[in-house]
Amino acid sequence: MSLAMLVVIAALVIALVAAALAALWLRTRAQLQARTREQQRLLDAQKMAGIGYWEYDIAQGWLAWSDATLALFGIERDAFDGSYADFIRRVHPEDQPRLAALREHSLQTGETLDVRYRIVRGDGGVRTLDEHGELHTRGHGRRVLLGTVRDVSALVDAGQREQRQAAQYRYLFDRNPVPMMVYERGTLTVLAVNDAAVDMLGHARAEVLASHASEVLAAEERARFARHITSSGPEHADAGIYAMRRKSGAPLRCRVFGQDILFDGHGARMVTLLDVTATELARGALEFSEARLRLAARASHDAIWDFDIAADTLWWNEGYTALFGYDAARGAPHLADWSARIHADDRARVEASFAAALRGDREQWQEDYRYRHKDGQYIDVRDRGYILRDAAGHAVRMVGGMHDRSREVNAQRDLQQRVQNYRVLVEQMPAPLLVLQDGHVRMANTAAVMLLKGDAPERLHGLVVEDLFEPAAAALCRSPGAAPAQTSESAVRCLDGSIFEGQLRIADFRGSEAAGVQVLLRDVGAERRLAAVEQERVAFFRLSADGFGILDGDSRIIEANASLRSQFGLDTDSAGGTLMDLLESEHRARMRDACLNLQLGEASETVECRLRGRADETWVELGFVRARSDTWYMVARDISRQMRAEAEARLLQRAVEAVENGVVISDARGPDTPLVYVNPAFTHITGYRADAVIGRNARFLYRDDADQPGLRELDQAMADGSAASVVVRNYRQDGSLFWNRLRIAPVRDAHGLSHWVGIQQDISEERRVEDHLQQLALSDELTGLPNRRALLVDVDALLPREPLALVHLGLDQFKLINDALGHASGDELLRKLGTRLRAALPGTVLLARFGGDEFVALVPRITAQLQRVLELISDNVRRPIELQGTLQQLNCSIGVALAPEHGDGADALMRSADAAMHEAKRLGRNRSVTYSTHLHEAARQRLAVISRLRGSDLGRELALHYQTIHDGASGAIVGVELLLRWPHGPEGLRSPGALVPLLEESGLILPVGRWVLHEACRRQQQLQGLAAAGCKVALNVSTQQLMLGDFVGDVREALAASGADPALLELEITESALMADPGKAEAILQQLKRLGLGIAIDDFGTGYSSLGYLHRLSVDKLKIDRSFVSDVLGDRDDALICASIIQLAHSLGLSVVAEGVETEAQRHWLAARGCEQMQGYHFARPIPFADAAD
């Protein structure tokens, strides 16, 4: 072979070797990297699962800890030197020997190390750890111990708390002084027995626990006990008194109480045994069964996982197979596979939590949930994960571990169930039990809460014994002494303040955490009262007004008290008859049904039936209670009166349903006072059917119209619980309104207000009539305008808000219209004038008629409006009004009052306007006057004057003057006219012109007129010397004197009293007085003429006398008014009037007197025209009677 060929072959060999070495190197590096990644996954998962990793080199004594292990010990890496000694010194001193021994045993035997111990952390805190270790052999035979460590402090603390609580309840059960035991209902096997029961029976505990429940009874009691077991219910029941089997053979009788409970998963019965051998009744106490709560915790292999988020791949270690039975490599390669095995009830929560952890910025994730095993069972796990994120914060990987919590969860549930068993034993124990510490109540069972009348155990917690017991008993509760148990009696104060006589059985209580005192309570007062009641029972049976009897299984009466014999008409010999024989035939079927029900197991039955052969139709209510299968107890009550009352009630109901008024009944105790009954009339009135309103509050009748005084009165009456009668607006179902007069009355029973009864009356038509009458009451019937009452209401309503003007107008001389044309024409004029004024005045002005010829206008005081209203009123009154074919023209006097200046109320304002109107009339009529204060003062003065005259002697206050009347031709005196004076009266009221109107206004004109008439007759003789041929005495008569009262009688009386000559007495009467009622006036004048008196018409020409009436009047003379005479020489009209009056008088055969003649020229002019007589200052001034002699 050539050298070149050798070189080529060598090169090829070298190349092949190099390629093989390279391939081997790449394969080795890949395996190393895979192993490194797996180790890192394990470390990351253990770290996030809270699991520390450690490795111990046995030969070198070197100990390596992971970061998670250092974190569990609470130290930094540089604080641990890696020696076993440094580790062991951090273990709790009490656990060091045990841990060292177990490790040594594991090293010697090669067995797995599983141990729980406590450590003292760097911060001084004590934690409990579970450690798992396994022995491994590495290269060159080097042995190492590898393991994990996990913090289980929280689990241990929870278990210890549960154990302490269980031990406390167990202590309460074992040390309870009341004998108690628990047996299984099916097998009667004794499950638990306390010390008191063992001591009472004298048997060893093991003997009792190995026996059946019936074996603790005397032999003769076991059959009865078996019957009781089959018949009793689950509730707490008194099984009766039984003879018990005591080991010593001494007699023992106990009252047995039973209660079904659930004990350690078994259906069981708890019984308490009350020793009544020496007549000392004791409340039974429930027994606590002894239970041993064991929590076995063993470090388990965890399932470690690594989730590649981008690739959606899951890697599992072998622990996944050990925990769940799935192949670790293929069991759950993707997240969906893992999620599918989560329990359906947990899946949504876990997936949401997992996704939120990935989206957020947290580094850790943890959840507890149930995971399905390969065999289909679910395992409780705690899953922890650690999230790795890239530089942008996005989750790229998550590693963690799943820990099997099944044993922890099951142990916790088992422990809680055991604790609950003991708690149920104590809480359901029928004997009232208190647990005290330092004299304060720390625990009370249900029986104690009920006995002390609380509503919850918390109400008793914290109470001091001095609040409950007398001092001696309270002191004993604080220091019970060395004896096992002590008994004391004390008055016991309940939470509601009531007190009962109690017996306390006091004993020490020592729990695992604290010591105290347990107190069993008995209400011995109630027991003693019960004994007294038992003694009274027989007497009650015999003497009760209700009938009591005992029947056998064939319903024969075998025993009856006196009342039953009386009701049923039984004698001693007939007591053995059957009950059926005593009932009416139609009621026997219901009696047979009741008997059948009792035989089938019903506890009681009640039957109402009628007794046979009783003339008064006697009804009885029979109540039956089955005592035994062959014995019944019966109570009979005479309900004849009740049956008659029910029949009467049905009759009353038919009557209520027949009435026209609505009747409603509501439940005062129900929510919102609902209606429980309405009669048919209610439906007729409102349109609502009964089924549509029952159960509703009656407020639907007034809908939204709630602001009514009647409803407020109704609410107040219902709040006070009193009767009421109101009128309210209600609405029918169709929405129409009706007025409802509603009367309500409360109905009370023994417990207070129970119902409301209401009576409805539809008064809509009545209200319509009332409204119409109200409208009539507020309007003037003649004109249709508002009347005085309506105006006063409006004034009072408007015054507080705005200033007003009240315009009061009175027609001048309106009486002449009535006198001349009749009252019908006067009414027509008022109607036309009211219509005219209402149309003319602005809409803001309120016009009313005040009566008679008076109107009132209420005017808002707007700028210039008042003056315009006054002008409109005056203009429209002056406009002629056609009456009976002729035009009549009127004037008016107006008074104005302003508010609030002239009055702040309607009455005050009306008085002011009325005063102003009368002032306008006094000033001459046909004008307006605004009220001022002097008018008020003048009114006050007039009132004072009237009061002065009314209460005085007229002869002392008033005086008469006389003025002579002369012959017109010769000047000789032919008579005198008497003139009234008030010499000492107020200034301005001394002359007749001022005094007479005041007298007429006050009504004093009648007594004053009679006084003047008597004075004239009395002084007639005194004046006769003034005239040669007899001096006639003339006096004025007012309209009121003539038309009111008995004027003719007054004249007769004065003539008779004085003896005066009627021929020398002359009465002067004005035109207005005669024309007020011409017919009546003429009748009076004729009577006066028959008495012989002369009659003159005074002030002729100033009135409105009708010539048609004048010639019919019985008069003798006309007097020309001074207003015409005074200007007769300068005024052609006055001269014409005077001449016409003289000519008219002469044509009627009357004489003429001219008054007010003051000059000779006037006298001469009048005499030339035939005026016979004259008077005036030209002849003489008025002279007082005191000067008559002169």
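Heads up, the Cβ atoms here are built off N, Cα and C, so glycines get one too.
As recorded in TrEMBL:
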type: DOMAIN; residues: 65-110; note: domain 'PAS'
type: DOMAIN; residues: 289-361; note: domain 'PAS'
type: DOMAIN; residues: 365-417; note: domain 'PAC'
type: DOMAIN; residues: 648-721; note: domain 'PAS'
type: DOMAIN; residues: 724-775; note: domain 'PAC'
type: DOMAIN; residues: 802-933; note: domain 'GGDEF'
type: DOMAIN; residues: 942-1190; note: domain 'EAL'
Selected stretch (most C-beta pairs under 8 A with the domain 'EAL' (942-1190)) from 65-110, 289-361, 802-933: 802-933
DSSP-derived helix, strand and coil totals, residue by residue, for the domain 'PAC' (365-417): 12 helix, 30 strand, 11 coil
Model confidence over the domain 'PAS' (648-721) (mean pLDDT, whole number): 88
DSSP-assigned states of the domain 'PAS' (65-110) in counts, ordered helix, strand, coil: 29 helix, 3 strand, 14 coil
